[in-house]
Amino acid sequence: AHFIYNISQSGVIEKQQLSSIMTQNTTTPRGHRSETLPRQDTEAQFPSGEDRSNLSAVAMSSEHDSWWKIHPFRGMINDLRRRAPFFLSDWTDAWDYRVIPATVYMYFANILPALAFSLDMFQNTGTEYGVNEVLLASVLGSVVFSFFAAQPLVIVGVTGPITVFNYTVYNIMQPTGINYIGFMAWIGIWSLILHWILAITNSCNWLRWVTRFPCDIFGFYVAFIYLQKGVQVLERLGDDSAFYLSIVIALLVFMVAYLCGALGNSSLFQHWIRVFLKDYGTPLTIVFFTGFVHIGRMAKVHLEVLPTSIAFMPTNSSRNWLVNFWDMSVGDIFLALPFAVLLTVLFWFDHNVSSLIAQGSEFPLRKPAGFHWDLFLLGLTTGVAGILGLPFPNGLIPQAPFHTESLCVTMPVRKVDEKGEDKGGYYFEATHVVEQRVSNLAQGLLTLGTMTGPLLVVLHLIPHGVMAGLFFVMGIQALEGNGITAKIVFLARDKALTPATAELKTIKRRAAIWIFVGIELFGFAATFAITQTIAAVGFPIFIFLLIPVRTFLLPRILRPEELAILDAPTASPFTMEGIGGAWGGSCASVDDRRDSNDTAASVGGQCSQQESHLRPELHDSVFASPGDPRKSQEDFADLSQVHSGHSTATRRKSVDRRVASSSRAGHS
């Protein structure tokens with residue numbers, strides 16, 4: 001593969017010939033008939049004699065030189081080439097029923113955490129950031145990414161880690177007397193430059209080394225941040241009657257919203273009732289308890305409510321939307337650079353992981369991804385947000401994978417055992433995803449409408465206790481869907497009652513699971529601990545260091561067959577094609593010197609074979625809710641329509657291979 005790649009770089013062999021050679025040399029799994037062309041046809045593609053010697057010399061020279069060649073802009077150009085043919089269909093495909101519930105669901109799934117984060121930043125940044133800033137930041141990300149992103153399914157907004165970053169910078173800068181909002185503007189401008197440098201130099205190719213290991217740790221960390229924020233909201237209320245009533249309201253909000261989610265994942269009631277409870281249970285709970293506190297004697301208790309400002313105006317009335325960033329001194333401008341580096345590291349990991357999970361292996365996507373171009377756009381939104389005095393938006397977890405999940409069209413499939421015999425039950429399997437741009441844009445426009453005066457008046461009625469309960473709901477749901485939690489539950493479960501089909505039972509050394517979970521918990525503890533100090537601004541470095549820990553340390557401690565079960569690639573080989581293939585350890589070994597447009601056909605096959613051995617739980621999103629994937633609105637009254645699990649899986653794999661093959665042929 002290296003020989004063919006280097007020859008192609010020298011320009012001696014045309015791309016069509018290269019594609020033919022790579023297809024013919026794709027490894028055929030044992031037990032399958034090889035369908036490659038006769039040997040003489042393959043050899044005819046190569047020159048012979050003196051020409052062959054010259055090509056070998058060119059290949060060897062290229063192999064020694066290629067390690068330092070960056071090929072600027074190649075990743076972004078290839079992202080645009082791959083995605084451009086689908087731009088029109090991204091709008092026409094929106095004529096599907098799934099877009100409507102997905103839009104409404106994502107509006108509430110995005111705006112409720114945004115309101116909670118706005119309260120947290122309002123209290124910790126001297127009222128510089130409030131409801132309007134957070135909402136406008138979400139609108140900025142939604143509009144830019146829905147129109148121009150290579151992957152419009154990714155929901156962009158304000159996240160928990162960026163709130164930690166913002167108020168940590170505030171705590172550091174406040175004693176110095178530096179204009180905080182102007183300083184944040186320069187952090188955004190510097191970060192814009194750094195994002196563009198990373199996008200131009202194809203840094204997203206490093207994502208091939210990102211597996212579920214760092215994603216689960218990061219998800220575990222974010223879940224505990226949610227829980228901590230809920231406690232902090234209540235802690236600031238003092239110790240009078242309002243404090244105790246807020247605690248009761250927070251617990252009631254948590255229990256009712258959690259119950260709605262549990263019922264949505266259960267087998268109780270009709271299908272449409274379960275879908276309704278799962279999609280709209282949490283926002284209806286927020287609405288109910290916002291009015292509930294005005295009943296009876298509770299109305300006499302003065303509760304703190306969500307602070308709002310004038311419609312479409314900054315929270316801090318002493319400034320305009322355009323920040324006077326040009327009034328900063330040269331020293332302060334360059335002082336913002338180290339903070340911008342940390343912000344860029346955080347966004348490179350957080351946004352790309354959100355994008356990977358939104359395009360996870362469990363989603364049967366048909367349109368290509370574009371990580372390099374999307375990173376370029378993220379730099380643009382970061383710079384614009386800084387100049388406007390907004391929190392920096394980036395890819396949201398869990399909203400991004402929830403968006404893809406809500407657009408899945410599913411069908412019931414019978415559960416079968418290893419022998420292919422019917423087990424009597426069934427589950428819902430996604431047949432395709434409605435991949436389009438309208439739902440992201442529409443939820444962003446709905447968020448913009450929330451900044452109007454009447455709706456801001458309504459938001460001003462939400463008590464702090466309700467927001468604390470919302471934090472608890474998000475945190476617990478995040479923990480339940482996390483891979484670390486699943487492994488801990490497996491270790492704590494009675495061995496006699498552990499299902500025989502549990503994939504972790506195939507690991508011979510139980511100590512290997514303990515070691516893996518222990519390292520994950522240590523990584524989480526280190527990251528969470530640093531965020532409790534003034535050095536919290538440096539926590540992105542800890543997150544980023546998890547990647548080399550997985551790449552270099554874990555293979556020295558655990559066996560390959562153990563890691564294949566404990567860990568998994570984040571996204572499917574089809575999604576990872578744009579960055580050189582999935583997981584550099586095995587699937588991307590032949591791609592170490594290959595750029596994003598030079599992915600061999602064999603990579604997808606190897607990754608597919610490896611993927612088939614991974615347990616299904618590890619393909620769920622980091623924050624996937626417990627239970628089956630989100631079901632479509634279509635009810636199957638007659639279970640005679642239920643298909644066999646084996647036959648459906650076989651058909652899907654066949655379609656995936658054909659689509660991936662045709663896509664690679666088109667790229668060549």
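Placement of Cβ uses the backbone N, Cα and C atoms for every residue, glycine included.
TrEMBL annotations: computationally assigned, not manually curated.
Residues or ranges marked as compositional bias 'Polar residues' in TrEMBL: 19-29. The feature compositional bias 'Basic and acidic residues' is assigned by TrEMBL to 32-42. The annotation domain 'Bicarbonate transporter-like transmembrane' is assigned in TrEMBL to 72-234, 242-569. The region 'Disordered' annotation in TrEMBL covers 19-51, 594-668. The transmembrane segment annotation in TrEMBL covers 104-122, 134-158, 178-197, 209-227, 242-263, 275-295, 328-349, 370-392, 455-479, 511-530, 536-553.
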Six or more residues out from either end of the transmembrane segment (370-392), which same-chain residues have a Cβ under 8 Å from its Cβ atoms?
75-76, 78-80, 82-83, 117, 121, 128-129, 133-134, 136-137, 140-141, 144-145, 148-151, 154, 156, 158, 162-163, 166, 181, 184-189, 191-196, 198-200, 202-204, 207, 314, 319, 321-323, 325, 343, 347-348, 351-352, 355, 578-579, 596
Does the structure show the transmembrane segment (242-263) and the transmembrane segment (511-530) touching, where I'm treating 3 or more Cβ pairs under 8 angstroms (sequence separation 6 or more) as a contact?
no
Tertiary contacts of the transmembrane segment (275-295), as residues 6+ beyond its ends and Cβ separation under 8 Å
101, 104-105, 108, 112, 245, 249, 252-253, 256-257, 259-261, 263-265, 269, 301, 303, 406, 461-463, 465-466, 469-470, 473, 625, 630-631, 633
